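This structure is in C-alpha cells; I'll ask about it shortly.
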Amino acid sequence: MRQARILAALYFILTIPPAISDMTDSIEMMWGNTQVLYDSAGHQTMSLTLDQWTTSAFRSKSQYLFGRFDIDIKLVPKESAGTVTTVYMVTEGPWQYHDEIDLEFLGNATGEPYTLHTNIYAKGKGGREKQYRLWFDPTEDFNTYSIIWNPHMILILVNGKPIRQMKNQMRDDTPFPLNQPMRMYASIWNAEDWATQGGRIKTDWSQAPFTAFFRNYTANACVPYNRAWICGQGSGDSSWFNQELDEEGQQKLKDVDGKNKIYDYCTDSRRFPDGYPPECASQ
C-alpha cells in the first residue's frame, strides 16, 4: 500500500474529455505489407499481412508507463496454421532487464480453434505462459482485447471479460513491470516450428497471403511530460490507475480458468518438479 501511495505521487491524474482519432494519429507503420484501410464512414482499419517473403508490423508512437490499452482485432480466417498474430507491450532498454506483456494468437488448421498464448516478462524474466481457447470464432468479426497495467496488477481482458491477472508481489521479491515505460506493438509472423499443435502442422504457403485487421486502438495511459508522467490523458476515466478485481471480476476469472484455460505454467509439475514459482500462490 505504501508503495502504491509513493507511485501515485509521481504521476498527475488528469481528466480530459475523450477525442475521436484515427489509428494513424497514435500508430506508426514499421515494415512489410502494413496498410491503412477506410470504411464507408471514413474510419480507419489497419491490416497486417504475412507471406513467404515478409512479415509486417506497426507500433504506438508513444511510450507509456501504466495505462489501459484496447484494440479490436479480426484474425486470419480459415487455414492459419503456423501463423502468429501478436499484440504486445515491451520496454526499449537493455534486453536482459526488459519488461513485456504478450498476447499471441496461434493459428490453426481450417475448422480448428485459435489458441491465445499469453506471457509476462519482468526484469528480463519470462516463462509465465498461460494459454486459452476463446469462446467465440475470432475470425468472424472484430473483438476487443485489452491490457490494464497499473501499480497493483496486470489484467488481460477479452471483450471486457478478465482472463488473466498478475498481481504486483514485489514485496515477496517477485519482479513486476513498474518503472520502465513500454510501447505497444502488433505484428504477424511465421512460427511454424512451434505455433500450431507443437509444430506438427506447418504453414501452408499456398493459402498466403495471411491478413489480420486492427481498429479502434485506444491508450488511456500515462505519457511522458518533462520529467513526470501525465495519466488519464485522452479520457475522462482514470479509474484504471487504482483498479483491482472485485468479487465479480474474480469469479469471471475463475470461470475462464475452468472453461477456457488449456495451459498454466503454475500447474506444470514436469517443468517445476521442485515447486512452482512463488507468484503462483496468488495468481
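Cβ atoms here come from the backbone N, Cα and C positions, even for glycine.
From TrEMBL, here are the annotated features:
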type     : residues : note
ACT_SITE : E100     : active site, nucleophile
ACT_SITE : E104     : active site, proton donor
DOMAIN   : 9-214    : domain 'GH16'
CARBOHYD : N108     : N-linked glycosylation site
SIGNAL   : 1-21     : signal peptide
Would you mind reading off the Cα separation of the residue listed as 'N-linked glycosylation site' from the residue listed as 'active site, nucleophile', to the nearest angstrom?
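About 25 Å separate the Cα atoms of these two residues.
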Give me the non-local Cβ neighbours of the residue listed as 'active site, proton donor': same chain, 6+ apart in sequence, Cβ-Cβ under 8 Å, ordered along the sequence.
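Expected: V84, T85, T86, Y88, L116, H117, T118, N119.
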Using a 10 Å radius around its CB, how many other CB atoms surround N108 (N-linked glycosylation site)?
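Taking every protein chain into account, the count is 21.
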